[in-house]
Amino acid sequence: MLRKTFLFVLILVIVAEFANAASECEQRREEAERKERKGMVGVMKYRCEEDGSFKKIQCHASTGLCYCVNPQTGEKTSDKSRDADMSCD
């Protein structure tokens, strides 16, 4: 019985860890925040949706340039633009 209880608790811990794991976007944003705290300037700070995916439009605060990205991977899908209201459909 103790063995089954231990196994059950272990499975719950593993599931909880995966459920709380940061998405790729959140990881990149956190890394940018760490760099900023260390004094680095001009760091690209990614914007994420509530579900953890990348917002379709990413803008670099220090240059003012924006571009479209793939919401799942964050890879650029357009050229840079100064238009933060650009269409990324």
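Glycine is no exception: its Cβ is also placed from the backbone N, Cα and C atoms.
Reviewing Cys25, Cys88, the cysteine that TrEMBL connects to Cys68 via a disulfide bond turns out to be Cys88. Cys68 (disulfide bond) has a Cβ environment of 21 other Cβ atoms inside 10 Å.
The C-beta environment of Cys66 (disulfide bond), restricted to residues of the same chain at least 6 apart in sequence and closer than 8 Å, consists of Ile57, Gln58, Cys59, His60, Lys80, Ser81, Arg82, Asp83, Ala84, Met86. Of the listed disulfide-bonded residues Cys59, Cys88, the Cβ environment within 10 Å is emptiest of other Cβ atoms at Cys88.
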